[in-house]
Amino acid sequence: MTAPTMKKTERTDYLRILLTQRIALLALLIVVVVVTFFINDAGGYLTAPYDFDYMSASLISAVPLAMLGLAEMLVILSGRGGIDLSVGAMVSLAGMVFGFAYGEWGWPLWLAILATAGFGAFLGAINGFLVSWIGFPALIATLATFYAYKSLAIVVNDQQPISTKPIQELFSLSKSVELPLFGEYVPNVPLGIFTFLLPTVVAVWLLLARTAYGRRLYAIGTNDVAARWAGLPVRDTRFKAYVYAGLISGLVAVVTVGQFASARPDAGVSGNGMALPAITIAVLGGVAITGGIGRVAGVVLATLLIVWLNAGILLAFVGNEGSQYQLLALGAVLVFAALLNGLTNRRYGGTTS
Amino acid sequence: MTAVAEAKIKRRVLPSPVTGQEIVLVGVIVVLWAALAVSTPAFLTAGSIQPLLVATAPVALVGVAMTIVIITGGIDVSVGGAIMVCSVLTAKALVGTDGVSLGVAVLLSIAAGGLLGLVNGVLIAYGRVHAIIITFGTANLFMFLGLRIFGSGTVNGIPATLAFFGRGPDGRTLGIPHAFLITLVITAVAWWYLRHTAGGRHFFAIGGDAQAARLAGVRVQRRVLLAYVLTGVLVGLASCFVIAQGTSTLDQSVGSGKELAVIAAVVIGGTSIMGGRGSVLGTLLGALLVQSVASGVTQLGWRSQLSDLFVGIFIIVAVGADLLRARARRSR
Amino acid sequence: MTDKIETPRLRLTAVSKRFGAVRAIQHADFTVRAGKVHALVGENGAGKSTMIKIVAGAEVADTGEIEFEGEPVKLGSTTAAIALGIATVYQEPQLFPELTVAENIFLGRELKKAGRVDWAAQNAKVVELLELLGLPERYTTAEVGTLSVAEQQQVSIAKALAADAKVLILDEPSAILTDAEIEVLFDVVRRLTAAGVAVIYISHRLDELFRIADEVTVMRDGRTIGTYPIKDLSVRQIAHLMVGEELSDSRPHREVPDGPAVLELKSLSRDGKFRDVDVSVKAGEIVALYGLVGSGVSEIAACVYGIDRSTHGQILINSSQVNIRNPEHAQRLGIALLPANRKVEGMFGFQSIAFNISAGHLKLLSKFGVWVDRAREKAVALKLIERLAVKTPHERQAISAMSGGNAQKVVLARQLVERPRVLVLAEPTQGVDVGAKEEIHRLITELAEEGTAVLVVTSDLPEALRIADRIQVVRGGTTTDEFGPDASQVDLLAAAAGGSETNPAPTAGNRETNRTATESRETNRTATESSDTNRTAAGGGE
């Protein structure tokens with residue numbers, strides 16, 4: 001970020017920027033990861049070529065990850081221990097709603113997507129109501145709704161996935177497309193990037209960086225007492241953060257249904273679920289768990305880092321070892337980032353992501 | 001001071017041993033059991049209650065330690081991963097012609113868990129990083145470790161060495177399952193420790209105000225470290241219960257989602273997520289309630305996942321009641 | 001006194017302490033005797049708190065000698081002080097609300113028997129202490145969080161005594177207490193001195209010293225002016241010693257345009273905080289509400305701004321009654337407020353100056369109420385930075401990295417984005433350097449010149465005198481006397497610190513000064529007298 005503009009060439013300055021500017025650190029780590037795998041690829045240590053085509057195709061897994069990372073960022077920014085453990089369960093439940101609307105009732109696609117997003121927002125509103133208006137600790141409220149939404153998603157269609165013909169045809173959403181104009185010179189990119197991820201990234205960025213709401217959100221996350229004395233609607237602002245997180249989860253539900261070509265009742269909660277990786281991405285992207293600090297660029301870069309690291313790991317190991325080492329990478333990177341935060345807080349008095 | 005006054009002091013040296021939340025929980029469990037007994041006559045039989053108690057044990061046992069962690073103002077979301085590591089390690093040690101004995105298996109599992117807890121504890125107590133972030137990170141690391149030990153697929157042909165903790169007749173004395181009995185004893189010991197020793201009370205002080213506790217002479221870092229190591233140790237023991245309850249096969253989903261189940265039990269039991277207040281007895285009751293609902297839902301022939309909906313509702317009601325009480329206390 | 005023979009419990013001789021370039025204390029002498037209550041008084045910034053910190057071991061003196069029971073000692077840390085038997089009870093009780101009283105008292109030094117806490121032994125000790133403090137025995141096992149603030153303070157005292165305190169420092173113990181609770185506190189203090197404890201008593205409320213203290217040491221500008229037997233002094237004399245020779249920095253007299261009041265408070269009350277507050281501010285006028293810490297003066301500001309709700313009385317804006325629901329509503333009515341606690345209530349720590357200024361005015365500074373107009377935001381920020389002479393390289397600087405004075409200017413700038421009809425400033429220059437203080441005062445005057453009605457809520461006596469056209473003294477939660485800008489510091493201090501306690505009626509001096517002030521003098525005096533009766537009645541009831 002600010003690195004190129006610095007004229008001073010003292011080493012300590014660059015070190016300081018790397019330690020305190022999360023975006024600079026993430027950019028460097030991405031370069032290190034990509035170069036490492038390129039070298040490994042050239043040396044023939046990988047099971048398949050790690051090239052731009054592969055990197056581009058792997059972006060499909062960035063779509064839900066980055067979107068939910070942004071959702072977590074919104075609620076964590078709102079402060080007072082903001083967090084949302086229920087995003088995965090919301091994806092499951094909203095996904096079932098989408099399955100019904102589009103797959104069973106034959107609604108037009110746009111209407112079904114709209115309804116799903118709206119339903120996600122409604123689920124988020126329940127979280128927001130509990131946290132902001134009633135005063136539940138966010139961890140508790142979203143733990144409770146995690147269980148409730150997860151249960152409803154499974155019960156609503158008697159544990160059966162919905163994979164009727166229209167749903168199966170949605171798989172085209174996740175295929176890669178050639179970009180217009182200069183598309184033949186660059187790799188094909190998964191369609192979901194353009195239809196869901198980019199619009200969400202742009203919308204959240206506009207929301208946070210350009211709108212009055214974004215300012216209020218940062219303000220209440222930084223110091224909600226001062227926000228009250230400044231005449232800001234603290235509760236309403238915090239409430240909306242959870243609504244937006246629900247809305248994004250609704251959109252992710254559509255993406256996930258497309259990817260699986262089926263509305264699965266456990267889509268967002270199977271295995272480790274989606275909440276844990278999403279929170280990890282947000283924290284890795286420089287979002288302070290105490291609220292008020294965090295940027296869209298950080299979350300996007302953190303997603304790219306993890307996605308390309310995971311993609312490389314898959315090629316470096318045979319069989320399911322790859323997916324295991326992905327866990328190692330995610331955990332190690334998160335612990336490293338957290339300890340780094342602790343260190344920079346002591347040495348430089350806080351990070352400015 | 002007169003003898004009468006002295007006797008009076010002795011009688012009332014401490015606040016009431018049970019909290020309102022615990023009484024309410026007992027009431028809810030009694031009502032629930034009664035309702036289930038009426039609707040399904042099979043419920044109040046040994047064949048139904050015994051498995052219920054066995055299934056309660058692991059969550060309640062880890063819940064004891066989680067309660068202490070949460071009382072200090074922390075949290076540990078890595079217990080699911082830690083359970084996976086301990087159970088697969090122990091299961092592998094049991095398998096084969098030279099499989100280890102019961103005692104060795106338990107010690108191995110506890111040692112492994114203690115080590116994982118030590119990792120968490122050191123990072124949290126000395127790394128000065130928020131517990132939830134560190135344990136999110138170590139959760140991934142532990143799962144990696146667990147899956148690596150699994151290798152590919154499942155662990156098969158686990159012998160019945162741990163039947164002492166299991167569902168079968170070997171796992172019971174006078175009809176009471178050992179796993180539940182052990183959990184009960186450990187809960188009682190923890191309850192006594194938290195209530196009657198200086199070290200136990202210091203956990204509460206740390207959760208109330210760590211800085212003030214440090215000034216008062218409490219060794220905060222050491223206490224915090226202890227809480228996480230204890231979590232690891234109990235995770236190790238609970239893992240033995242998990243293996244014993246299963247079939248002779250252990251699959252890779254072991255431990256998955258357990259961290260949230262444990263936190264749910266703790267929270268329903270009346271422990272404040274903000275730290276400084278909580279009870280292991282409540283946690284045991286919370287775990288029992290959750291398991292009773294799960295068991296009830298199946299026996300009523302409903303879809304088993306419906307019990308999660310009740311868990312969610314219980315959390316909201318339990319914590320909501322607590323919020324209202326706190327609000328009433330503030331405005332008084 | 002026959003103290004020539006007796007060894008003092010604690011003696012500080014020629015103690016000095018500097019913080020950087022600031023001399024906090026110079027050549028201070030201070031002697032505390034067993035079984036006596038020694039009052040320490042002085043204005044804000046006179047060096048009282050530094051003195052206390054040195055005695056408590058929280059700060060180490062640069063020079064000077066400290067003797068404890070005749071032996072020279074080093075007070076290098078709080079633990080060293082506690083080991084000697086010097087215990088401090090701070091204003092805010094540092095207790096654990098979830099633990100019982102007994103546990104709080106013994107935390108970190110529990111009595112043990114066979115590995116467990118010896119509750120019976122602890123409780124026996126606690127019951128003794130509670131008896132000494134006049135608290136019921138059953139509190140031993142009560143959770144501290146269930147006790148009242150006053151009771152919590154007594155628990156803090158008990159905690160100090162449990163460590164066998166020989167010197168007990170009470171830092172502004174009465175500030176948070178009601179009159180009835182103060183009686184209990186005095187009772188406790190008398191019992192302690194009877195038991196031989198030396199008590200150092202810090203208070204702003206001079207009237208109460210006459211009822212509790214044996215000796216008083218007055219501090220001014222970091223020096224100890226002298227130590228006197230309390231019976232040789234009156235409130236006015238102490239006030240005079242605290243203020244010293246008055247500086248004749250009288251500013252040019254301001255002409256306040258005549259007109260109707262913009263802001264009026266009519267018998268405004270909030271249960272347990274303040275009552276029957278009557279204030280009116282005209283356009284272009286600067287009125288100061290001057291009161292000591294704990295007089296309820298800061299709560300009045302919070303009420304006018306809709307943070308708290310009043311329980312009785314009226315707030316009138318331009319003669320029409322308003323019911324202010326929240327700060328947003330107050331802002332719509334044209335009220336702006338500078339909060340008293342800058343760090344907690346004012347600053348958005350790691351955010352930029354521009355962010356901090358625009359935070360309260362996002363509707364105004366955005367297009368269609370949605371998009372922040374960043375160019376305008378920047379322009380507004382730069383204009384205000386210039387107007388308030390904020391020292392900063394650019395408007396993107398984080399406010400947490402700025403000095404107290406500069407940060408205060410930024411928070412003040414937030415109140416000036418739109419010209420407020422009524423500006424309430426709570427402690428506008430607390431923790432602010434001299435230069436910034438000067439500039440903030442100049443700005444307040446400027447704003448009044450432009451027609452804003454300014455209400456300054458302050459516990460800083462020179463500040464009140466320096467900027468206000470009229471000064472309303474708040475004592476015991478209600479407005480009492482009113483003064484003009486020519487009043488003397490001694491008069492004001494005596495009025496605020498309770499001169500009426502020694503002289504039942506308002507003193508002649510007060511009346512003289514009032515004559516210069518306002519048209520509402522007569523009504524005001526009746527209000528004073530009636531509220532004094534109220535006060536006693538309320539004190540008995542609570």
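Placement of Cβ uses the backbone N, Cα and C atoms for every residue, glycine included.
Feature annotation from TrEMBL assigns transmembrane segment to A:21-39 (among others).
Long-range Cβ contacts of the transmembrane segment (A:59-78) within its own chain (Cβ-Cβ under 8 Å, at least 6 residues beyond either end) map to 84, 87-88, 91, 138, 174, 176, 189-190, 192-193, 196-197, 200-201, 204, 208, 217-218, 220-221, 237-238, 241-242, 244-246, 248-249, 251-252, 255-256, 259, 274-275, 277-279, 281-283, 285, 287-289, 291-294, 296, 299-300, 302-304, 306-307, 310. Per TrEMBL, transmembrane segment is recorded for A:59-78 (among others).
Positions annotated as transmembrane segment by TrEMBL: A:85-103 (among others). Distant neighbours of the transmembrane segment (A:85-103): 64, 68, 71-72, 109, 111-113, 115-117, 119-120, 123-124, 127, 139, 142-143, 145-150, 152-154, 156-157, 161-164, 166-167, 170, 245-246, 249-250, 252-254, 256-257, 262-269, 273-275, 278; these residues of the same chain sit at least 6 beyond its ends, with a Cβ under 8 Å from one of its Cβ atoms.
Per TrEMBL, transmembrane segment is recorded for A:109-131 (among others).
Under the heading transmembrane segment, TrEMBL lists A:138-156 (among others).
Among the features that TrEMBL reports, transmembrane segment is placed at A:189-208 (among others). Distant neighbours of the transmembrane segment (A:189-208): 56-57, 59-60, 62-63, 66-67, 70, 73-74, 77, 172-177, 179, 214, 217-218, 244, 248, 251-252, 254-255, 258-259, 295-296, 300; these residues of the same chain sit at least 6 beyond its ends, with a Cβ under 8 Å from one of its Cβ atoms.
Positions annotated as transmembrane segment by TrEMBL: A:241-262 (among others). For the transmembrane segment (A:241-262), the residues of the chain that approach it from at least six positions outside its boundaries are 60, 63-64, 67-68, 70-72, 74-75, 77-78, 82, 84, 87, 90-95, 97-99, 112-113, 116-125, 127-128, 131-132, 161-163, 167-168, 170-174, 192, 196, 200, 204, 207, 217, 268, 274, judged by C-beta separation under 8 angstroms.
Summarising the annotation, TrEMBL assigns transmembrane segment to A:274-293 (among others).
Annotation comment: TrEMBL describes A:300-319 (among others) as transmembrane segment.
Sequence annotations record features per position, and here TrEMBL assigns transmembrane segment to A:325-343 (among others). Same-chain residues lying 6+ beyond the ends of the transmembrane segment (A:325-343) with a Cβ under 8 Å from its Cβ atoms: 19, 25, 277, 280, 283-284, 288, 305-306, 309-310, 313-314, 316-317, 351.
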Between the stretches A:21-39, A:109-131, A:274-293, A:300-319, which wins on the count of C-beta pairs under 8 angstroms to the transmembrane segment (A:138-156)?
A:109-131
Quick test of the contact rule: Cβ under 8 Å, at least six residues beyond the ends. What residues does that give for the transmembrane segment (A:109-131)?
82, 84, 86, 90, 93-95, 97-98, 101-102, 137-138, 141-142, 144-145, 149, 238-251, 253-254
